[in-house]
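Trainee: The domain 'Major facilitator superfamily (MFS) profile' annotation in TrEMBL covers 25-480. Under the heading transmembrane segment, TrEMBL lists 21-38, 73-98, 105-125, 131-153, 165-184, 196-217, 280-303, 323-341, 348-369, 375-402, 414-436, 456-476.
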Amino acid sequence: MAEEVLIPSSGKTTSHLTGSLLAVAFLTSFGSSMLYGYNLAVVNSPAVYIKDFYNKTVVNRNGTGLSEETLTLMYSLTVSVFAIGGLLGSVIVGMLVTRFGRKGTVVNTTILVFIASSLMGFSRICGSPEMVIFGRFITGIHSGISLSVVPMYLGEIAPKNLRGFLGLVPSIFIGTGVFAAQILGLHELLGKEENWPLFLSVVVVPTFIQLMLLPWFPESPRYLLIEKHNVHATITALKWYRTKCNIQAEIEEMQEEQRSLSSMETLSVWKLLLDDTVRWQVLSVVVINIGMQLSGIDAIWFYTNDIFNNAGIPAPEIQYTTAGTGIIEIIAGLIGCFTIEKLGRRPLMIGGFAMMGICSGGITLSLILQAHLSFMRYISVCCVVGIIAGFCIGPAGVPFLITAELFKQSHRPAAYIVGGSLNWLSNFTVGFVFPFLQFSVPIAQYANHQKSAGSYCYLVFGSICLSVAVYVYIVIPETKNKTFMEISRIFSKKEAILETQGLIHVDQLKLKKINGYGGLEHTSLEFDSSSSVP
């Protein structure tokens, strides 16, 4: 049976993009992923107004205002509590997707958005800074869940030849969310003092649309068959999402995976970390998720205004120029989305991280020399654009897709917990440690010829980006147009070859392969040309 399943997965049989698949990808991303991008950028524009609200509220309560340090701490907490909530959301996502399913988790967690929007929207009327902070925390929980469950859901409903395309749709909407926050934050729209509560709570609109429409679509077929053992619902879901293709091949592939997991329940994070049959997959998830945040993209976004200011852009126009970077994010995301099925996952990640590494080195050079060579300030602007574009083409979305592809059903929820937790922890670390270490300072200092280690921090970011690119090139195989079982076999072969190089006895190797994650046949240890790891 296993050999028969491999025949239609060779790439000759393909499925077409249906309206149902596209609608689900847009609905889940529009009502969930876009909110993550929006909440990343929404607090930048009204920062002054929020601080003023905090100070006035404390004056009304205590008769005295806040010190500058305390006010800065409260605002920093407002910004960073989003990452703390995201970490919590990523930790509980495994439990949620096992109990409620993939689509069920997306639908049920919309209640968090309504609660958070109500808290932030009525915070000024109630005179409560605590409502703003707690609202941000709850939006972080929702984003932490969404960043894991949406790629998981789309990866499981998509046919293998469209899994990359659909898997990168959320990253496009993340960029769209950032751009929406930048546009709505303009003074002509919601960037006025009286509008900041509405500005923070408007996220309820896309979530409401998602809640009205998404329940009409089926659950993940893989979840229905492998975890719920509901063949009839699986067939119904596949017919909903497919057209003009033989769904029998997909069902057989799922049943093969189900048989390999017949004696195995959904793994916990601890069991996943102890399972040496998936150590390369786990290590790959760790590397790409940490690398995605430690690439310095958050630091670049934070200091974009300073860099543009030093480049000579008039202050009133900086907000519009910054909004222009949002357009670059969307365009780069679209390029990645429409080329991933032709180029593959590896080229987008390798190219994206390498581009970010080179441009980080360019920023260091330009910051050092721009006090002596005026044109270098424009080089720094180009490098900022290059880093943002490189990030959005691949590293922004492919790691979430890869996490779904590298693991089978029993391991996938725990893998998303590991990847998501490291992602949010790295995000929080960069946001807090980066300024305190004074890796970067306002760019104006360089114009005054003051010495600083600020420019050299980008060499650290660049080194991390290039290291991740090298790791992807050496370790992670191309997963384009492969079934989950085929991908797991690739890693089993890699494990087997490493072990035959003197690590264990041949008899032990055979036993390990029989019991191993990929179910690798003991008669074949060579890589095939289409799946070899460079």
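The backbone N, Cα and C atoms fix where each Cβ goes, and this holds for glycine too.
What you see is a predicted model, and the numbers here were worked out from it, not measured in a lab.
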Trainee: Would you mind listing the long-range same-chain contacts of the transmembrane segment (21-38), meaning Cβ under 8 Å and 6+ residues beyond its ends?
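Mentor: Those are 106, 110, 113, 139, 142-143, 146-147, 149-150, 153-154, 157-158, 162, 166, 169-181, 203, 206-207, 209-211, 213-214, 217, 241, in sequence order.
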Trainee: Tally Cβ pairs under 8 Å between the transmembrane segment (131-153) and each listed stretch (105-125, 165-184, 196-217, 456-476), then give the stretch with the top tally.
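Mentor: The stretch I would name here is 105-125.
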Trainee: The transmembrane segment (348-369): which same-chain residues, six or more beyond its ends, come within Cβ distance under 8 Å?
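Mentor: Sequence-remote neighbours of the transmembrane segment (348-369) are 288, 291, 295-297, 336, 339-340, 376-377, 379-380, 382-384, 386-387, 389-391, 393-396, 398-399, 402, 443, 446, 454-456, 458-459, 461-466, 468-469, 472-473, 476.
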Trainee: Considering only Cβ pairs under 8 Å, which range in 73-98, 165-184, 196-217, 323-341, 456-476 makes the most contacts with the transmembrane segment (375-402)?
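Mentor: The listed stretch sharing the most Cβ pairs with the transmembrane segment (375-402) is 323-341.
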Trainee: Take the C-beta pairs under 8 A between the transmembrane segment (323-341) and each of 73-98, 105-125, 165-184, 196-217, 456-476. Which stretch has the highest count?
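Mentor: Result: 165-184.
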Trainee: Taking contact to mean 3 or more CB pairs closer than 8 A (sequence separation of 6 or more), are the transmembrane segment (105-125) and the transmembrane segment (73-98) in contact?
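Mentor: Counting Cβ pairs under 8 Å, at least 3, so yes.
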Trainee: Sort out the residues at least 6 away from either end of the transmembrane segment (73-98), same chain, that have Cβ-Cβ distances under 8 Å to it, and list them.
Mentor: 39-40, 43, 47, 50-51, 54, 66, 105, 108-109, 129, 132-133, 136-149, 152, 223, 227, 266, 268-269, 413-414, 416-417, 419-421, 423-425, 427-428, 431-432
